[in-house]
Each structure stands twice: as structure tokens, then as C-alpha cells.
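K.L.:
Here it is, the structure, as C-alpha cells.
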Amino acid sequence: MAGLEPLYAWARAAVGRAQDALLCALHWELVRHGYRCAGAGEQPGPDERASELLPRGWQANPELYTLRYVSADGRRELLLKAIVVEDSMIVNVMDRGSQKVADVTLTVADYINPEHLDDFHKVYKNMEELRTRIASGIITPLAPPAEKEPRAEKEPALPREHDPLRVPPRRPAGAREPPWPSPTDPFAVGGQDLDPFGARGGGMIADPLRSGFPRPGLDPSSGLPSRLPPGAVPPGARFDPFGPLGANTAGPNPDHLPPPGYEDMFM
């Protein structure tokens, strides 16, 4: 109620009915929310100034109150029209800039004691309810949109070329990838087997000489009636003997592990 009492005392000479007292309360709620009354009527008149007081002639029309309000910063202008219909007051407010419209209907007898117009402390009742209805019906709908704080741009958690459908590689931390041949070379498959010196390592041929265990050298002349000439087999080359290995040879004996069912004629 702070501020409304001196306003009502100033306007008391012009208050002749309950609707006038209700308009004073409505006017003061707009003032409390940062608006100032610029004048009566739809169009501005000469020498008008925004004020917390009601303008001259505000109650001249007993059926319709028309007042103009401006925000404290002067950026927004409201046009208020309060129509008296029997025991109710229909309040319509338009923001002239955005063309937004808000309205609320108030029953005069719910907030004004008409028999106590001379006593400010008795003329108003249910003021908290009246303030709530004015705020929810007029102030809030016409309030300017709150400015959003600019968000700081965050660095993307994943690189832009990241494919969310791609299965990530599963390898333990610190593990090194094997030296696979370049996938761009279609002739790289089995290339290790073409290197007679085995410099590349690996390959698709099971080479017992390169299994990691020390073994005596193989005799390349095994299975031949005579020995091969010197230099026929380069040192370290992969070599398949011509015949079965001797009994004293340290390499594997192919007869030790015959294939399963090798005696079956139908296999």
C-alpha cells in the first residue's frame, strides 16, 4: 500500500464513485512496475509530461477511462482503456510498439467499499488479490522478453570428422599396432613370402626355420641322388626340401602327423 495513500489523498477530490477508487489502485500498480502516466486520451496533448500522478481529466468519462503510460526508459508505451460495465470493470491494455494486448476483468465490489470513499484505510480490501490479478493479467503478459546471456562457445568434445556410427578400435592402452602392409597397395598381400631373404618377416608360409627356436640347418639335397651345387639355395632363403627329411634331421617329420582319415578311400 506504500505510495497509494498519498496518491489517493491527492486524487480524493475527483473520486466520486467506487470505480474511481479502483482505477487509482490500478494506476498505482502500473507506477510500481516502472511506468509513468503520460496523459489522458489516446493522443498526446500539449505540454504533457510523464508523472506518477493521474493527469487532469482522468475521470471525465464515467463509462470509459483512457490513459497512456510510458516506461521509465521511454522505450515502451501502453494504452489503457477501462470500460465500466454494471458492477465490473474490463481493463484492456495494449503495447503500442509490439501490438500486444492484455486484459483483465475486475468486480468492483470485491476490492472497493463504496461507503468508505472518504477513508483510505477502509476504502480498499483484498489488495493482495488485486495486485496478483493485475500482475498476472497485465504486467506479466506485456513485460519485455528477458535478454538471454550469451553462451560461451565450447570446444567440441570430438573432432568434426568423427563418425558416431564407427566402432572405436579396441586395443589396450599403450599397445602398438602391427606393421600391416599399406591397404592402398592391392599387391601387398603375401608380399613377405616373395622375399627370399625374409627381411620383411611374417608371411603366409609356415616356416619352421623362423619359428623362434634355434635349429640346425636343413640339408637342401635331401631326397636327391646327388648333392646340389654350391650356391643353389641362397643362405637364409625359404626352401622346401625335394624329399623326405632324414631321421636325424631336427626339423619336423611330415609322417608323424598324417592328415585325419588319410587311409579312407572316400576322403
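Glycine is no exception: its Cβ is also placed from the backbone N, Cα and C atoms.
Per TrEMBL, the features are:
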- 146-165: compositional bias 'Basic and acidic residues' (COMPBIAS)
- 214-226: compositional bias 'Low complexity' (COMPBIAS)
- 15-149: domain 'PI31 proteasome regulator N-terminal' (DOMAIN)
- 172-244: domain 'PI31 proteasome regulator C-terminal' (DOMAIN)
- 141-187: region 'Disordered' (REGION)
- 209-267: region 'Disordered' (REGION)
K.L.:
Please spell out the DSSP helix, strand and coil residue counts for the domain 'PI31 proteasome regulator N-terminal' (15-149).
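P.N.:
Split by secondary structure, the domain 'PI31 proteasome regulator N-terminal' (15-149) comes out as 41 helix, 41 strand, 53 coil.
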K.L.:
Across the whole of the domain 'PI31 proteasome regulator N-terminal' (15-149), what does the mean pLDDT come to? Round it, please.
P.N.:
92
